[in-house]
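Comments concern the structure below.
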């Protein structure tokens, strides 16, 4: 096996080029053109046969060892063993194709040997014809020599006659010897031909056996290739399953990675939340410290308020003293009113008098001036303050800025007033709540009272004003601190909620991780159990099947691959963990840096606060510290910190997204999907284009078939082809048949490609076959197979047409045979002729070939001066009738030969049609039809033999030699019949063998279909299992996702990812379905390939049948040659009879001359006297000598035959010549009757000597005419032979051109088909 692999490894590259084509090339000229190469001997053929048998035995041994070695290979079904088996199968295919090529070369050599034998037979026939022509020329020469003698004296004549008779006898003996030799040579040639034919038949039988064996080997190879393809398909399906498993593993790994990333993100978010909580705790602690400080300050302020209330109580006691001073205040108010009128333009505060009791003690801003009224009691003042808080809050905002200073000392105090100065110090205080407003108003009233008291006591009010401003500031800071505390509490609550959610999410993810680990452990346990179960049958000693062994190997391979993939994924996970650690470290560093910077800022602020506390007095220390803390934790800075945290979170999210994009190449997947869609669209467009091309090709082939049918119908009409010759008609018929076959083969190829044509018509093309054919279309019928459709559409009309043509030809033959007897009788009757005296005797003597010229021109003969008036009626009539019968027989034989050729052509067409019907699996019916055709041919041959025997009996040739020849012919015919019977038996045996082969092929196809169905069922079951597993997995994932969604809203992202996985799984299922469709398409293509191989086998059988047809053609040619030899023999016998008659007449004339009786009455009707007769004889002898010496005595007339180029014109000329001769004979007979009627008494007075003289002259003239006729016929035969040869050459050239054109078109179609297949 290894040696065969190494020897034929170079042939594996050319497997696509090697095609098992069984086309046997015929010679270019048909049966007439011999090949230059010589045939092989029987010994060489036997040696080749022995070598082929050895090769066949070696191939069988190789197949047997391959079949024995298959179970082990199946047990070891690995990829390497399968590849080795594929290589071995390819090598065997190459070797088998080589053997097929060698056997095709043997078939070609056999065809060449047949053509060589035909050439040898043709050469032998030509040599025999040349010998016969030489003998005829010698006879003519002797006859001319006899006719050239001068009858001066009877003694000289007798001597010459004796000498001539001796020479004639000698020549006859030579002729007999030559004929015997020729017969012996022919017998030897026939014996050699019979041996060669037997050897050829044996070789053909062996070749057929080898072809059958080769077909069996090809079938075995197809089976092996089918098994290899099935194994490849199984491997592909397993690869697809592996890829699906890999994808599932990848999906699981990606899901695990995503879960790990989510865990890491959650851990990071927890860390960040913890950091934020720490920061918030620190801020809360700071705020609590500030609140404590402010509570202390509030306590101190309350103490101060209590002190102020005590003072107010003291002052209430002193109110009585103050009432006494009201007079003074009134006077002062009057003065102020007067001054107000004066100082309106200066914007000085004017104290108006009290208008109403309700308005007492209220103060408002009015266009930059303070209007003050008399004070009220505390209760009423507080009510007034509550009712006018909003007005004060709005109006105070439009007052002067707090930086404005108001002098208090001296005249300024009296100028502006106390309330105006106090309000100028409080105008910058912002809006405060109601409680604080009440408090502030109370304080202001107290301050006013204090101011009034202190004015009376003359104490400065600067310190009190500073305390009020500090009090207002503290209140505002308290409000702001409360608001900030509320916001921080809200943020703290949100952070606690997020931390709780994260903790819940972490717990759920930990549970999921535990579940996944448990599932992985369960799957690992299952795999271990499967491995144990796989190991158990091998350990128990049970023989595993191929499927179990393959599943075991697949499980081990899958486990190894899964382990490798898991290791790789763990390494990747470790790498990713290291990267995540690095990135978390970087993030921690960044966060630490930012925290460190913030701590630095806090330290700086604390230092500034410490410095300010040192500089400020004790009263302002607490407020300054609180203000610094408040500045360090303002809302703007808090928002900035939050924004920074958000930015950091965004950066972390971006980094995680980048990592996820690096792992899941979603963009690449999208691009690949787009490319897939583009490729699918391109494939769809290519399929559409291919279907359109197939439609166009099918329509064109249909139109070609219609045109061929149209031409075929035209060929049936006699009006169209009545002018053409038979050979051209046959050539046209063959061309039309070949075009029909080509269109049918194209239709078969298009039907095999399984393309259904919706519309088989184009707008530019019309249906031409409807002109002469009115049969209905069968295109709308439904058929069970392509072969039945092809048979119903194409083969049935051709078979019917051929049968009708055969019946018409048979009817014409019967009519011709029935009308032949009538024609013979009509031609044997004398025809009336008109005698014209247009020529003189000198013209008649100077133009001895005038009859020939007139016959060729088409005129009747008018010069009858050479005919004797007293010619014998009985002899002329008998000779004319014999000539007429011979001519009629020749005509009939030629016509029968033509008809037989036509029948043979039609039979060839029938055989071709039957060979085409082999494609329809009806070989048994074909063999029956061929048997019927053979029986019909036998009946025709028997009828022809009976007609020939009847003709021979009518002629009266009862000689022994003819009987022997007829018996020999009968024996040959019987042998042919036996051979045909043997051929029939062999054909029936072949048909039975083919039926057995068809049954075996059908069984094999059924087995293959069963295997395919089993494989499809297994694949469907596997797919269902995978679908069920996928559905279960999906359900589990959905359940988990639902639980996760119920636990936490963050699990929606994982649910979306699982939905994407679901889509990917559905796409993978679609991909598997597309793979199933592709596998089905490959199955259909394999079936088409098997059909193509069957078609090639059928073509090989067709070529074998063509070889049989060529053999039958050779037999027909042989029969024609035998007929021709028989005709020549008949001519020789007729010449011998005429020569014997001449000898008898001469002997009679010699007897009369010896008696010495003469008469003067005899010489008168001959024309001139004896001297003139001698001159006339000399002139005739000179003319005859010139005729013998020159090739054409009448150049002007002989050249006419050379000008005519068609075979039909020569036939017409021969027919006209024969009719003219009959007319001349008829013209001679009435002359004789008239002479008999005019001179009845002259016969009794004629002397014997004169009669002999006249008889000799007539015999000489008849001999001369016969020689001329023989020469003319010989030349006519030569001309016709040359024309036939040229026509055959032209026909062969036309056939060669047509073949080349068909081959070119076939190659073009093959290239187109290969290009279309490559594009598809």
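Every residue gets a Cβ built from N, Cα and C, even glycine.
Within the list 543, 818, 1149, 1237, the entry that Swiss-Prot describes as phosphoserine is 1237. Residue annotated by Swiss-Prot as phosphoserine (from the set 785, 893, 1153, 1242): 785. Candidates 405, 782, 885 were compared with Swiss-Prot; the annotation phosphothreonine appears at 782. Among the ranges 365-402, 441-478, 479-516, 517-554, the one that Swiss-Prot lists as region 'Disordered' is 517-554. Along the coiled coil (626-654), the predicted structure has mean pLDDT 63.
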